[in-house]
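For reference, the structure discussed in these notes is given below.
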Amino acid sequence: MQLPRELKYAAIAGGVALFGLIFGWVLFPTILKSQLKKEMALSKKTDVRKMWEKIPFALDFKVYIFYFTNAEEVQKGATPILKEIGPYHFDEWKEKVEVEDHEEDDTITYKKRDVFYFNPEMSAPGLTGEEIVVIPHIFMLGMALTVARDKPAMLNMIGKAMNGIFDDPPDIFLRVKVLDILFRGMIINCARTEFAPKATCTALKKEGVSGLVLEPNNQFRFSIFGTRNNTIDPHVITVKRGITNVMDVGQVVAVDGKTEQTIWRDTCNEFQGTDGTVFPPFVPETERIESFSTDLCRTFKPWYQKKTSYRGIKTNRYIANIGDFANDPELNCYCSKPDTCPPKGLMDLAPCMKAPMYVSLPHFLDSDPALLTKVKGLNPDVTQHGIEIDYEPITGTPMVAKQRIQFNIQLLKTDKLDLFKDLSGDIVPLFWIDEGLSLNKTFVNMLKHQLFIPKRVVGVLRWWMVSFGSLGAVIGIVFHFRDHIMRLAVSGDTKVSKVIPEVEEQKDISVIGQAQEPAKVNI
């Protein structure tokens, strides 16, 4: 039996509407999700894997240094007056080396290598890196703080060692060129033959102090970041590839072959989160994104703040802070003991980096207000000093990331060392870094063309197919049954009643109105 032409058109239009409904709301999201699962995994053939192994553009690495303008007074116990100098801008290139895949457990191992190049054009106007700054002597203070904490009975010997190693310093401050203290290094004189300096230098060499490089003739060179520059990090990191389960992509499962740390207490020793360079897709804003920092030996869990956009792509902004270890049960295990936590907003780096320093947000943002009363010259601002990530939730791509961390040290006060007896004992800032990532136009456009433009086209097309298909089906049905509809309109069961005007009873004209005789008037 052949369908009438109008019903054929209606069937075709209805099919278009049904296809638009099924494809637009069922098939396409399923296909997209399946494709993303393949693309976001760290398999060898994906673009994500290539970018994960070697980021094809430089990150912004900015350093701000606090100049102690009243060092002589601080030596006598006065409140430090600080002047922030910066940024000193460095181009940071990141790559993963010695990469090995392990099919049996869907993991991948690697080591890190970072390379820094000073960029004077992107630094603050006039800064060359040759400026001389006055800051607390990080190495000298570090030695004193470590001995005071671990072997206080040896403080007297350390005092003699300092006089030999640092040539009888007049105070605990360092006057040094910026690039020397950051990368090039400053000489630590270990050529002295006296017992105290020699014994101390032998211990330094044995311990392998962070930032220290052995030079010829028993000299050491110390810098903050120099040992990281163009050097392969010794730690072997193991993460999930996400081929078996894409939601596990980038998850840290071991460092140096160990599946947990031994430096904290309880759950703080667990590896939670990704390595910070890749995140799983399809994360709802109600969930936190987690990343494990091998530099700080801890997990950060940024939380959702608000909707944002970057170069036309919708993103979710997540923010983070250091935390309040004393009052947050989840973070209390980062304290050496439950009741010996640092002030809010500070984290002790000694267990992780072997360095007696504290990290915080810059300018003590979101920290114990008492910290701001110990120094002058700080102005915390959430827009300039906060940690934030603009995260594309479908692919899990960080579009913009700003990791800002400040390094602080305690001005140790002790009567056993002449240079330290009048110090305040307060925690003061040394410098802070702003490590930033912003996807450039090339990679944003690539993301748009591979994902968002097809998604928008399908979004428009599905509504067009459903709307016009439904309309076409209705019109076809109406045209097919139009004659029948018209007949129903005119014949049907409805009867037409004949209206017969009512005939009124004839009346004589006299009945209509009786003549009235005029009233007689007597004159």
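Backbone N, Cα and C define each Cβ position, glycine as well.
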Notebook entry, point to check: Pick from Cys268, Cys297, Cys352: which one does Swiss-Prot say forms the disulfide with Cys333?
Noted result: Cys268
Next item on the list: Please work out, from what Swiss-Prot records, which of Cys297, Cys335, Cys341 forms the disulfide with Cys352.
Entry: Cys297
Notebook entry, point to check: Based on what Swiss-Prot records, which one of Cys201, Cys341 is disulphide-bonded to Cys335?
Noted result: Cys341
Margin query: Please report the distance from the Cα of Cys268 (disulfide bond) to the Cα of Asn229 (N-linked glycosylation site), rounded to the nearest angstrom.
Written below: 29
Notebook entry, point to check: What is the nearest of the recorded positions Asn229, Cys297, Cys333, Cys352, Asn440 to Cys341 (disulfide bond), using the Cα of each?
Noted result: Cys333
Item checked: Helix, strand or coil at Asn229 (N-linked glycosylation site) [DSSP, three-state] -> strand
Next item on the list: Drop a 10 Å sphere on every Cβ of the disulfide-bonded residues Cys333, Cys352 and tell me which sphere holds the fewest other Cβ atoms.
Entry: Cys333
Next item on the list: Would you mind listing, in sequence order, the residues at least six apart from Cys335 (disulfide bond) in the same chain with a Cβ closer than 8 Å to its Cβ?
Entry: Arg265, Phe325, Ala326, Cys341, Pro342
Next item on the list: Find the average pLDDT over the topological domain 'Cytoplasmic' (1-11) in the predicted model and report it.
Entry: 59
